[in-house]
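Feature annotations, reproduced from TrEMBL:
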COMPBIAS  17-33  compositional bias 'Polar residues'
DOMAIN    95-122  domain 'EF-hand'
DOMAIN    179-251  domain 'Ig-like'
DOMAIN    256-341  domain 'Ig-like'
REGION    1-46  region 'Disordered'
Amino acid sequence: MKQGPQPDKSEDPSVLEVTSLSAVPTAVHNETLTPLPYNPEENEAEPETDIYYDKDDCTIQEYEIMKDNLLLYNHAKLMAEDNHSSGKEYLVSIMFSHYDQNNNGALEREELEQIAGREHLNQLAKGCSLGHMLSFDDTDKDGRLNINEFYMAFSKLYSVSVVSLDKALEVNHLSARVGDNVEIKCDVTGTPPPPIVWRRNEADLAALNEDEVRVFNDGSLYLTRIQLIHAGNYTCHAQRNKDVVQTHVLTVHTIPEVKVTPRIQSQRPGKEASMFCHVIGEPFPKVEWLKNDEPLKLDVPHKYKIIGNGTELQLHKIAYADTGAYMCQATSVGGMTRDISSLVVQEDPTPTAPNEERRFFSFHDWGVSVYEPMACRLYHQIQATDIIPGTQEYVCGDKGVNCSWGHAINVANRYVYVAQPHKDRVLVISKIQMVVVDVVVTDKYPVELHYVPHLDQVWVLNWRSEHNQGIKTIQIIRDAAQKRKHHTVHPEPIDGQFDLVQGLFMPPIQDMTHMFKYGYVTHTNQRGLYKLDLANMRYTRSIDLTPFNCVPRQIQFSALYGFVIMECEEPVTGRPTGQILLDYLTDTVLTQKTGLFGHPHVSPNSRSVVTLDRGHDGVTLVVQEVTESGLKFLFDVKTTLNISDITFYPSQTTHGYDLYASATDKEDILFLNLVTGKVEMITGVGKAMPPTLAQWDTPNRPIAASGVFGHYMVTPANEALFVVNGETRTVNCEIGGLVHPRTVVWVTMQLQ
């Protein structure tokens, strides 16, 4: 190949050197980019010849992109043909030599047009051709480019897109603990160093406008106060070259959490003793039982029995020597955590009362009743006709007026908040006093309530109608767990008006205790979402789901890996269009399963997603596992049971959860082991309330579990409450004398 003049690199700093490429770059697409440095006054005087191209067809930005892509194209084409090593040859001088067909040391318009036509170079940038170099960079206006003008044309580039990355650094694995700050360097290099773009799921992280995700000028990515949702892949590349990419795989782990019960127990020699342990952590820890800091002697016959993955320790035929501190220990890369259950063996055991007790509030047509589940004892009643203390108002109304209840929730285990749609208010009931301590006035027909613990907010969705229509308003009750008079505020208005919405979807309280920053809002027949900043109570951005034909009907959240699971439907017709998986951090759609229909439910530990598909020929429960790469199908269960509601109950063997489902029209409860797929039926739970009597889109037969170590679930029948023992999977008791019990809320009472 001909070689043009070779200027001395030490004398001419504008020379571009291509160094150590381990990947062949290609041209980038024409995109809207930041305007590049350029002085238009350089070429203000246009000569009266027709050798110059019209600049109106080729903007400065497009011209710079063309030159950048020209470098990429010629590096791939010319340097590969050259016998010299890429580190010694000057790409620009090779290009000049290649274009100078008549070897006269200058590039004329005809030469540029010929080479552009032969090599299809007009495709490198919209509206720009090789001939435009005469319009922009012929500084002496002699109608041709000499070698110095050609060099200067490329020295004006903001960045050189010919970049390199060591093959061994293409994938970088790194690990961090929740709460850490992490700086990630990009190893993509060039001469001079190119601006770096960081992406996650193809989304530009610099454009996210997130406090905890920042891209610095030196090309590094800084993640602040890392959470589980930040786990995943991050990629970096030069701004003008998307082909040389480095991938950083971030794994996030937590310190294990361990909780045991009972704290202490006293037993007589020869009896049995049991201790229970519940462990949370990512990755899931190794679980062991110790006695007085020493591993259990499991080889002693018939002494110890460990159930499942350490969820329970049983001691048989205990003796005085079994007195001690039994420790449930969880170990992972995140650290080691223990909790202690003490056993005292003595001839006359001291009665050891539990340190806490579960109770549940039941809301029915005649008021509110509070019960204890083991003996099914009634603790307190609030009658519909009671006067609210400090007011002249009834709880529900005078004699003969039934209560109408919307959603009810536990707020910080201190209060129970319950919506009264027909009263345009929310009642605040003290867990300890078991009386109404505050009345919060709302917009018309408040129905849905959501509690955000780390912000101490209750979010209210007001229907503003008897019917579920897209004219709802959102209000927030701040300092919800504080002992004070409460009021509502609206989120920040849009264009001076309060937004009228269809749905409000808020992150639930989960085991991983992730502090979600955002919720989502939907609008009638709109294929998209608005992301809601919970702390500042305003919208931050919109998410377009038109390409997926998705009007979100239901949205669920997984703290693990930061997934958002959506049930989609078609606008107007309501025809199901499948399930979408969204990245919570970047709002990028990861997958769409067009054949998976139904309402998704996420287990409290974020490890399982159960989709409830009510088909014409029965109900299908589709169980998926949450993995770092998405949702993995495990199994599905088909049943003829018309499922009304589901709840997750702590597994006795896995530190995870099993599923229980109530029926709309049968006296049965379905049990499903989410690991093995085993199904059982619990019968004799009474007749459900007729579906026509269900209000505010709530199930006619709710079912509610009492949490870790809670042992019990409650499900209302038409005129009774049934308490179900989750360990034995049997009915513990029936509480009668109630008319249409609806919502159930569990609270925990500290007894010691």
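For all residues, glycine too, the Cβ spot is worked out from N, Cα and C.
Each residue in the domain 'Ig-like' (256-341) has a pLDDT score, and their mean in this model is 92. Residues in the domain 'Ig-like' (256-341) partition by DSSP class (helix H, G, I; strand E, B; coil) as 3 helix, 49 strand, 34 coil. With DSSP states grouped into helix (H, G, I), strand (E, B) and coil, the domain 'Ig-like' (179-251) comes out at 6 helix, 37 strand, 30 coil.
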